[in-house]
Amino acid sequence: MKIAPSILSADFINLQRDVAALEAGGADLLHIDVMDGHFVPNLAYGPQVVAALRPVTTLPLDVHLMVAQPENFIEMFAKAGADTLSIHYESTPHIYHALQMIRQLGVNASVVINPGTPVAALSEVLPLVQQVLVMTVNPGFGGQQFLPASIQKIEQLVQLRQATPTLDFDIEVDGGINAQTIQQVAAAGANVFVAGSFVFEANSPKQQIQTLRDLIE
Ligand SMILES: O=C(CO)[C@@H](O)[C@H](O)COP(=O)(O)O
Ligand SMILES: [Fe+2]
């Protein structure tokens, strides 16, 4: 069970302070949302931010690329220090090749599906990935409401993994994860939990992370 706070809800002017608070507060991963204004209607974080964060934290960097044609950016983010690169199934006609590129760079490969994409779409790429990220909101913004239809997708992924011994991936959820929703996704089989607004909405990220952890452990 890993809690991955998203710095999309951090105080951008005090990013290093907030990242230090997450690390001291027991975060397992640091989730970094990258948005290009094309694949999603918002802009956030370039590779320079990932490179700047790399030396100031020991947390693994879980980079979520919400960009069209991610193959153009994979090497850049790998070199910047990403430990995991998540790319959207919907973002390229060459998802298989893009995931191969990530693996060849020695980075954990993660494939993401939007709320409108079925798990069945991933059948050919599951053997390539260390993680599947199920979007539990439409990508682009923090602070949205959890979409309950995602629960069935997590269950389907668990079934597929159980039925195929060669498959070995974590199941991450992202969007609307808070004290009301985390137990449902954990019960369905998710084991990596991204949380942005919930972690930063109170004064103590540590307390918020602990609240989430207590609910799933
Ligand atoms: O990828 C995204 C949004 O597209 C996220 O990682 C958000 O940052 C999650 O924010 P909350 O829903 O937890 O506020
Ligand atoms: Fe994200």
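Including glycine, each Cβ sits where the backbone N, Cα and C put it.
The active site, proton acceptor feature in TrEMBL is assigned to Asp33. The active site, proton donor feature in TrEMBL is assigned to Asp174. Sequence annotations record features per position, and here TrEMBL assigns substrate binding site to Ser6, His64, Gly140, Phe141, Gly142, Gly143, Asp174, Gly175, Gly176, Gly196, Ser197. Residues annotated as divalent metal cation binding site in TrEMBL: His31, Asp33, His64, Asp174.
Proximity of the binding-site residues (Gly142, Gly176, Ser197) to ligand 2: a Cβ under 6 Å from the molecule is found for none of them.
Following the DSSP three-state reduction, the secondary structure of Gly140 (substrate binding site) is coil. Close to His64 (divalent metal cation binding site) in the fold, though at least 6 residues off in sequence, lie His31, Ile32, Asp33, Val34, Ser86, Val112, Leu133, Asp174, Val194, each with a CB less than 8 Å from its CB. Gly142 (substrate binding site) has a Cβ environment of 21 other Cβ atoms inside 10 Å. Neighbour counts of Cβ atoms within 10 Å were compared for the binding-site residues Ser6, Ser197, and the top value is held by Ser6. DSSP classifies His64 (divalent metal cation binding site) as strand under the three-state reduction. With the fewest other Cβ atoms inside 10 Å of its Cβ, the least crowded of the binding-site residues Gly140, Gly176 in this structure is Gly140. Listed in chain order, the residues near the divalent metal cation site other than His31, Asp33, His64, Asp174 are Ala4, Ser6, Leu8, Ile32, Asp62, Val63, Ser86, Leu133, Val194, Gly196, each with its Cβ within 8 Å of the site Cβ centroid.
Counting Cβ atoms from all protein chains shown, the residue listed as 'active site, proton acceptor' has 25 others lying within 10 Å of its own Cβ. Annotated substrate site Ser6, His64, Gly140, Phe141, Gly142, Gly143, Asp174, Gly175, Gly176, Gly196, Ser197; additional same-chain residues within 8 Å of its Cβ mean position, judged by their own Cβ, are Leu8, Ser9, Asp33, Val137, Gln144, Val194.
Here the binding residues for substrate are Ser6, His64, Gly140, Phe141, Gly142, Gly143, Asp174, Gly175, Gly176, Gly196, Ser197. Their largest Cα to Cα distance works out to 16 Å.
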